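Only one structure is covered here, and it is reproduced in the block below.
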């Protein structure tokens, strides 16, 4: 028997005692009880509270305020009675740009002190009421377009007159070219330069038309907001074209994603046979790249040494290219690469056995997945649950954000009238019961929707539920991920501890792991998820503080903030590592979270070198796998969607695409997500089998009473063997 390594002969006592043999242990414990009950109850209460928050948000919120525009009376455009009128038209959009009166203090969002109506299409041409139309006896229907007027106005009679209609803003006195943005008709900046000359004769109800249009066009004052909105959403036409590209290429996008799925599956299954070759090729490839770098640096160093090019000849300069033309730079590169190459060679020599163990575990993981192909479908379950969490969080946040009650104010639409000076836009009103006759001295008085008011205590406090929404969302997301990890760990542990594979593998191991996790360990999973959530909340708070104080931070404050961010990032990574291994121990032994986390950490620390080697070898292999899947499918999609590869009879023409790179990006991102989903299952399998392998080494010794459960390949690498043959099936 070969001499045992120090890890096996004398495990570090400071990290606990080695696991003791238990003749009743045959894999994941079946007789187990509920763990971390207090945290389980707390989590269920939070979920119930989350449901209550969602109900309150649904009752008091109205997301239509975000999705649709409102007219002056508070009706939404594009829904209900205005279903065929999706756009909001401002009668005097110049008031939005000027905001010269008191009403500027009550403006909110896109609401302006002017009448707003829902229209089918935004006006695209200049138009104005001519002077001759103001004479008595002119029928308003011959002057105004009823599509742009208040629906209740009667244009077929001489009363109200054209002048009264204009003063009361029942119809717009002028129209300018506009473009629909977020369901609102905003000025078309490109067309504002062609103002007709007859606009000089338009009665200036809001000041000089030309000056105000110039205000919007030049982007000054409130016009800057309008200009910014328009420029931000000028990509609507681009979005339409992209949507058309997706509509014509979606079957081929799906085909590309299917190819990515098949390649990922094939890669994982073939690792059973190709893992040794791939790992050694990658390792020697890195060594070869380092050797080439050493040769190239030595060659450059000799060239510049012969030319007597030293760093003293160039001195200090901001041109970094100059430093690549002196011998000292290449000498430094040469020394660094030699040190790195030496470390890699020594690591390879002294850790070759552990590399072989890592390769054998990777092969065993591929074999385990081949026996439990259903495990590769579990990421779909995780994705669906995460999608539910995200959808519920988004809907709740949207409803909470619109939980205020609509506010209407009495507004003098024509503030130039002397009799309207007392109407300052502070008096509330009800649009359903409002009549202009209540203000006989101000015919332009109107009841206009201003904003959503949240001044009453109950509705105002509803906004604070956004914090609860965010915290509960993070906790639920982390719990879903923990549930997936514990489920997969239970399934793969069932594989490892089956003495005869595959005959001793229990029926439906994945389903069994899922049921055990939900029935017994809901509290433990919620406990681990809560710890991770608290760390993530600290990171969010720190990021918020950094954003709020960024303008006033000095160099010392920025350094401290950067250090805090780095520490919390490292803490989050460490918590994720501990949680992952704790869930594996929970799935196997059924202990509570703290005990499982302690046992997992001590077990790993007793075998810390093996942990590092396995982790890096697995990361290297999976990175290469993702690169192969994403890169291969990405290159294939590039050649197809760019027209370099044509499929006869497919009916698809790349020339019909407006932006062929959008389907390519979609395929690449989708391929990455698919590869990540498959490889995350594989990574969990490797970690689970590794912990089981370490437990197997500590529990058993290969004797008849304590046989090893590991594969023959692993026993061969470790020079171990079972003294008895594996049990044979009973003969008929």
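The backbone N, Cα and C atoms fix where each Cβ goes, and this holds for glycine too.
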So which range, 472-499, 556-583, 584-611, gets flagged transmembrane segment in TrEMBL?
472-499
Need the matching range: TrEMBL marks transmembrane segment on one of 229-249, 250-270, 397-417, and I'd like to know which.
250-270
520-542, 704-726 - the range that TrEMBL marks as transmembrane segment:
520-542
Which range, 196-220, 296-320, 371-395, does TrEMBL list as transmembrane segment?
371-395
Range among 13-36, 37-60 that TrEMBL annotates as transmembrane segment:
37-60
Do the transmembrane segment (371-395) and the transmembrane segment (661-682) come together with 3 or more C-beta pairs under 8 Å, pairs six or more apart in sequence?
yes
Beyond the flanks of the transmembrane segment (520-542) by 6 or more, those residues with Cβ under 8 Å of it:
32-43, 470-471, 474-475, 478-479, 481-483, 486, 561, 564-565, 568-569, 571-572, 575-576, 579, 582-583, 586-587, 590, 592-594, 596-597
As a test: from 37-60, 277-295, 330-351, 472-499, 661-682, pick the stretch that has the greatest number of Cβ pairs under 8 Å with the transmembrane segment (620-641).
661-682
Before we move on, state whether the transmembrane segment (330-351) and the transmembrane segment (472-499) share at least 3 Cβ pairs under 8 Å, counting only pairs 6 or more apart in sequence.
no
